[in-house]
Amino acid sequence: MNIDTFSKLQKEGLISDEEMQRVTHAENNRLFSLHWEIKSALYLGVLLLSGGLGILVYKNIDTIGHQVILLFIALLCIGSYAYCFRHRAPFSREKTESPNAFYDYALLLGSLTFVTFIGYLQFQYTVFGTAYGLATFIPMVVLFATAYYFDHLGILSMAVTNLAAWAGIAITPFQILSQNDFGNENLIYIGVALGIGLVALAELSEKRNFKKHFAFTYRNFGVHIFFIAAIAGMCIFEKWYGLFFLLLAAGAYLTWHRAFRDRSFYFVLLAVLYGYAGVSILLGRTVFNHLADDIYSGFLYMIFSTVGVILFLINLNKKIKQQ
Amino acid sequence: MIAWSSVTLDNLDIQNEADKAHRQGCISPETQEAIRKAHPVDLYTPNLVIRIGLFLLTCIVIAFTSGFFLLLALGSDTATGFRVAVILASLLCIGVLEFAISQKKPYRSGINEALLWSAVGLFCCGIFIENYDLSENAWALTVLILTALGTLRYADMVSSAVAYLAFLLLVFWQVIKIPYGTAVMPFLLMGISLAVYLASSRLVKRRALRHYSDCLTVLRVLSLITLYMAGNYFVVRETNSMLLMPEAPTDIPAGWLFWALTVIIPPLYIYLGVRKKDAVLLRTGVILVAMIVFTIRHYHSVMPLETAMAIGGLVLTGGAWALIRYLHTPKNGFTYAPSDEAGMADQLKVESLIIAQTFPPTARPADTHPNFGGGSGGGGGASGDF
């Protein structure tokens, strides 16, 4: 806080002497926060440690032997979980504060090593035989359980991406477009279903008041995968694209409605952008395909419609603020 | 000079200060409201989410508009037609930006950035396209002038960063021509960086330049980085061998000096940052430590990568753990508690997304070939290699 600004405000009579004193006191006793520095160091540390250990193990597999490696991974996993069990806050349906940042990353390390452990078992000893689904299913269940029991959003995100991987889709932010073959019709059905399911989970956790703060993560993944799958459906299906448009329109409407109730700019924006993309694709497939000067009219349509959306968003922003 | 009225920007600053004071519980909500009433702000500044959305949409509009212009210019075969079309589009961007500011007063709205950056980019395109005999000097000078104007008028942080880099490039191309230029270069660039750092650190406190304080902070960070990079062994050596390609020297004169600079400067930044409680120095120093590691590893294989990774990870995790314990109660004015600035990052749960991104599960393989992990994620990078 800037003391000069506040002394000016005091002269104008806008803040009382007592408030001015509090501001000066707070400013003079302000501490320098190392929060982000330490958190980044922890995160980088866990990343490097798990990565480095992984490669070390891989390179020395002949000399160490599988049992020793498995034992080591298991010990690391158990150790991390033990630390978390000792320091955890009692389970609650609400959000629980983690005791310290180290706890969060110990939990992360524990979950990661567990996932590696299961994967290793399957790879080396094919414990689950040919039921490959099981090898993703078990980590997913454990990740969900960990996320709920210890209340960790990062692990919840990992669990959700594992759920999607189990269903056959990659939904991490950078892979959602690059790793998926949306030309595959099956994938589109799965994407739509998964999206609806995740949003339903978000609704459930809010309705039942069970880990309410998880709703954002579920809804975020769900909304994106649903819309992307629906848009892919509009592009690919020759006959049924109208149906996918209706689906997308319904989804956009519901997201919009819901976002207004929560006053969430983010989901309003998503509803508008995906809805607009859907309308544009529909118009492209029905109208612009059959026009003579299609390039010019297409360009003009894009320019004017996008300007329209921009003005719409600006007005909307004011509307939500005023509410 | 600046596009918005100075009073409004001052009021914006006052409101932000009042919000901070309110968050810390220093002033009552009524006081905050009274301050807001007395110092109204009529700028349009949406929150970060809408800002990104507006930025993307504006970029789409600009792309299609310039595309439309180019379509119209398609008839003429010469490059002049293209050039005129692109420069017209650039001028149109500036025109729209000025018009928007005079009407709706957008300020850091996403629209501003998109229009300004596109205007500069398109203008440069118009000048450089098919223009092969333009010298590097003219090139850097054009960028410098355009971005400097953009910085002065719109106080845009990216413009100021680009302007600074263009300026350094301009110096680089002048000095390279004089005899012994390459030998003097590192020290000259370091000197300039230091001067810019000291100047911007002074100027950022000036009241007359208060609307440009963000730009000056950007300059402080960048000049610290260029100060380090100009003396970094890797940068100096690679630049030298690039410039003197035919001789391909294996080593540079006074190599020990650059090694010393490489290793000493980041800890020095951190030390000064801790002493002065200066976040810019501290964070820049921490980031540049990575550059030390990179430089050393590039020339000397101290240990295999995986051992370095594991040990580095252990040191980082252990160090952070020790720091958290040490700062359990605040010491020497440092604390582990998060600062009072409410961040958008928390609201969007960015951290959880980063975790999900860096430990991705590989999608389940088709049920024919068993793969390690069979779609289980994690082991952070390990699973992919098996």
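Yeah, the Cβs are placed from backbone N, Cα and C, and that goes for glycine too.
TrEMBL annotations: computationally assigned, not manually curated.
What TrEMBL records for B:372-386 is compositional bias 'Gly residues'.
Residues or ranges marked as region 'Disordered' by TrEMBL: B:362-386.
A Cβ distance under 8 Å defines the sequence-distant neighbours of the transmembrane segment (B:52-74), meaning residues of its chain 6+ beyond its ends; these are 46, 81-82, 84-86, 88-89, 92-93, 109-111, 113-115, 118, 122. What TrEMBL lists as transmembrane segment is B:52-74 (among others).
The transmembrane segment annotation in TrEMBL covers B:80-102 (among others). Counting same-chain residues at least six beyond the ends of the transmembrane segment (B:80-102), those with a Cβ under 8 angstroms from any Cβ of the stretch are 3-4, 62, 65-66, 69-70, 72-74, 111-112, 115-116, 118-123, 125-127, 129-130, 154.
As annotated by TrEMBL, transmembrane segment applies to B:114-132 (among others).
Taken from TrEMBL, the feature transmembrane segment applies to B:138-155 (among others). Counting residues 6+ beyond its ends, the transmembrane segment (B:138-155) has Cβ neighbours under 8 Å at 1-3, 97, 112, 116, 119-120, 123-124, 127-128, 162-163, 166-167, 169-170, 173, 211-212, 214-215 in the same chain.
Cβ atoms under 8 Å from those of the transmembrane segment (B:162-180) belong to residues 136-137, 140-141, 143-144, 147-148, 150-151, 188-189, 192-193, 196, 219, 222-223, 226, 243 of the same chain, restricted to positions at least 6 beyond its ends. Residues annotated as transmembrane segment in TrEMBL: B:162-180 (among others).
Here TrEMBL flags B:186-204 (among others) as transmembrane segment.
Counting only same-chain residues 6+ beyond the ends of the transmembrane segment (B:216-236), those with a CB under 8 A from a CB of the stretch are 157, 160-161, 164-165, 168, 185-187, 189-190, 193-194, 196-197, 200-201, 203-204, 209, 252, 255, 258-259, 261-262, 265-266, 269, 280-281, 284, 288, 291, 294-295, 298-299. The transmembrane segment annotation in TrEMBL covers B:216-236 (among others).
The transmembrane segment annotation in TrEMBL covers B:256-274 (among others). Tertiary proximity for the transmembrane segment (B:256-274) is limited to same-chain residues at least six positions away from its ends with a CB under 8 Å from its CB atoms, namely 186, 224, 227-228, 231-234, 236-237, 280-286, 288-289, 291-292, 295-296.
Sequence annotations record features per position, and here TrEMBL assigns transmembrane segment to B:281-299 (among others). Through the fold, the transmembrane segment (B:281-299) approaches residues 221, 224-225, 228-229, 232-234, 262-263, 265-274, 305, 308, 312 of its own chain, all at least 6 residues removed from its boundaries and within a Cβ separation under 8 Å.
Counting only same-chain residues 6+ beyond the ends of the transmembrane segment (B:305-324), those with a CB under 8 A from a CB of the stretch are 293, 297, 336. The transmembrane segment annotation in TrEMBL covers B:305-324 (among others).
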- Cβ contacts under 8 Å made by the transmembrane segment (B:186-204) with residues that lie 6+ beyond its boundaries: 164, 168, 171-172, 175, 213, 216-217, 219-220, 223-224, 226-227, 230-231, 236, 258
